[in-house]
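Submitted below is the structure of interest, expressed as structure tokens.
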Amino acid sequence: MFTIPEFPALQEAVSRATEAEIVQALHSERPGLAGLAALLSPAAEPHLGAMAKRSGAITSQRFGRTIQVYAPVYLSSFCANRCAYCGFSADNIMERRVLTFAEAEREAMILHQRGFNHLLLVSGEAPAKVGVDYLEEIALRLRDRFAALSIEVQPLATEEYARLFRAGITSVAVYQETYDREMYKQVHLGGPKADFDYRLESPSRVAAAGMREVGIGALLGLSDWRAEGLALGLHLAWLRKQYWRTGLTVSFPRMRPAQGEFKPLQPVSERNLSQMIFALRMFDPDVGLYLSTREEARYRDGMIGLGPTRYSAGSCTAPGGYGQEDAGGEQFEVGDSRSLAEVSSAIQKKGFDPVRKDWDAVFQIRGDGQQAA
Amino acid sequence: MLTIAGRKFRSRLFGGTGKFSSPEVMKAALEASGCEMVTVALRRIDLNNPADDIMRVLDRDRYLFLPNTSGARDANEAMRLARLARASGGGEWLKLEVTPDPRTLLPDPIETLKATEILVKEGFKVLPYMNADPILALRLQDVGAVAVMPLGSPIGTNQGVLTRFQIEIIISQAQVPVIVDAGLGAPSHVAEAMEMGADAVLVNTAIAVAGDPVRMARAFAMAVEAGRIAYESGLGAVSKDAAPSSPEDGLGFLR
Ligand code: SF4
């Protein structure tokens, strides 16, 4: 079982780096956890330029001059949890909706026509409305038309993940939100999500179920981002050891304005975010790194080639929002509202290839030649 | 001329299509490399879509199209992908890659052997990507692989021919062509592999991510040629002792 050290101990580790340790980490092939702590430290800030350079070089080497593009489909705005920072929190009065199968299919096909081949299916955490049966049905309906389907929904049991894998889901993201147990308690006011440990073990269950890829992340703005970065490194390293067949990714959701007017408790600047991305890239050269449309176009364009390997584009965070412009009820406001074509052309301008297909549903079908289900 | 499964190749450099900054750069680099065989990841292309970015720029008359099964974690997945590719016009040539560890992308020897055996029986011309294990190379040859593709070092690492002593054994024993694949990061690395007697090399990352991929492709092509000519001309033996230029020096006492 993965256990996370107490947060103050992580904070202590990222605060005491010496100049020599930082320089060593910068020049090391495998900086390790001590190196990661050094690169996340305040003392490493003056080295941001050198970190960007190393991070970019490693990323090119491992991923080539390519960036994968994808789009999210929001399936439902119902949620059983009361997370202080989220627009979907059960505490917020808003019109809620869950897409019917036909509506979900329609949303997906709009994205298909816009050129998307990789989809991320997202929902609030309401197992009664969006349970594993619902997700399975959607996967079965979409699997033959998309190269890859990922989900970001409530944590599930291992057997449920395995079922979704057979139905065509390739990867699962479960963000811990914060690895700071105290802060976790403070912002998760009610609902099943309040169980820190069950959530912490979710990525292991995803991997144990045979999923191709598992995504982890911390919501930036809740607690000390430097210590969150070190926690992410620990989590990655542990998952790599336990589940060597599973691909790993990290996302960096920075808090966005949302209904409920929650203000970030510990603001994270673009410089901070960049430092975190570069440090994790140097720590794990092979991890896939996401940069979503939460960030502004200017920043996203600037980061092309420096570390992130996956960009979302043309995103709408309201269920039904692609087919219906004024659907309302978004989870948060996006910072980059450009279309796939616009984001792709920005990627190309930087000398990178926006890759729309880097998977094939055929990998997913179990058994010899026969389709499952 | 190099012959693989009855097909002749003038160039001993094989190219890849991944990691390029654009399909156009890929096309120009492949042209500059002079290669006649290119490998394409089946997971990256849409075989049924002629407008697919990669398929659009690849001239199938000019290059032998070598689909690869990158992403497959076991024999079943690789075989499924191979059959699907053939059914949609991908041809029967196949670079078999079975790499269960998404981080190192090292090939699984057991699953690779299993899949090779079955796919050969189904009529595929299988070129398996493999670790540089001499016995495995023989086993793959025995079950009908048309060439073997041992790695020089882990893919994308640019570390060169770290598996040199095993590759030397493979070359000395193999009856099928030996194509050194993966880890070749500089023209000097491919020259080394060719000097050792490799029949061909496959280079992708080092060309795709170079500052100028087109000129780098040219550099690799020249190095392959130089290495091959050196091999064919017979390289001098390596010795730790200085060789006297007059071999009789110091032997004046002999009658
Ligand atoms: S963060 Fe997730 S679980 Fe929490 S309220 Fe929002 S949608 Fe629900």
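Backbone N, Cα and C define each Cβ position, glycine as well.
Any TrEMBL annotation is an automated prediction that lacks curation.
Computed from a predicted structure; not experimentally measured.
What TrEMBL shows for this protein is this:
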- B:3-247: domain 'Thiazole synthase ThiG' (DOMAIN)
- B:Lys95: active site, schiff-base intermediate with DXP (ACT_SITE)
- B:Gly156, B:Ala182, B:Gly183, B:Asn204, B:Thr205: 1-deoxy-D-xylulose 5-phosphate binding site (BINDING)
So for B:Thr205 (1-deoxy-D-xylulose 5-phosphate binding site), how many other CB atoms are inside 10 Å of its CB?
23
From the centroid of the CB atoms of B:Gly156, B:Ala182, B:Gly183, B:Asn204, B:Thr205, the recorded 1-deoxy-D-xylulose 5-phosphate site, which same-chain residues not already listed sit within 8 A by their CB, in sequence order?
B:Pro154, B:Ile155, B:Thr157, B:Asn158, B:Asp181, B:Leu184, B:Gly185, B:Val203, B:Ala206
Whole-number Å distance between the CA of B:Asn204 (1-deoxy-D-xylulose 5-phosphate binding site) and the CA of the residue listed as 'active site, schiff-base intermediate with DXP'?
14
On the 0 to 100 scale, where does the mean pLDDT of the domain 'Thiazole synthase ThiG' (B:3-247) fall?
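The average pLDDT of the model in the domain 'Thiazole synthase ThiG' (B:3-247) works out to 90.
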Reduced to three states, what secondary structure does DSSP give B:Thr205 (1-deoxy-D-xylulose 5-phosphate binding site)?
helix
My list of recorded positions is B:Lys95, B:Ala182, B:Gly183, B:Thr205; which of them have a Cβ under 8 Å from any chain A Cβ, in sequence order?
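Listed recorded positions meeting the cut-off: B:Thr205.
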Tell me the Cβ neighbour count for B:Gly183 (1-deoxy-D-xylulose 5-phosphate binding site), meaning other Cβ atoms within 10 Å of its Cβ, over all protein chains shown.
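Around B:Gly183 (1-deoxy-D-xylulose 5-phosphate binding site), other Cβ atoms within 10 Å: 23.
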Might you list, by sequence position, any residue in that chain lying six or more from B:Ala182 (1-deoxy-D-xylulose 5-phosphate binding site) with a Cβ less than 8 Å away from its Cβ?
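Correct list: B:Tyr129, B:Leu151, B:Gly152, B:Ser153, B:Pro154, B:Ile155, B:Gly156, B:Leu202.
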State the count of C-beta atoms found within 10 angstroms of the C-beta of B:Gly156 (1-deoxy-D-xylulose 5-phosphate binding site), not counting that atom itself.
25
Tell me which residues of the chain lie with their Cβ under 8 angstroms from that of B:Lys95 (active site, schiff-base intermediate with DXP), as long as they are six or more apart in sequence?
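Residues satisfying the criterion: B:Thr39, B:Leu66, B:Pro67, B:Asn68, B:Thr69, B:Leu127, B:Pro128, B:Tyr129, B:Met149.
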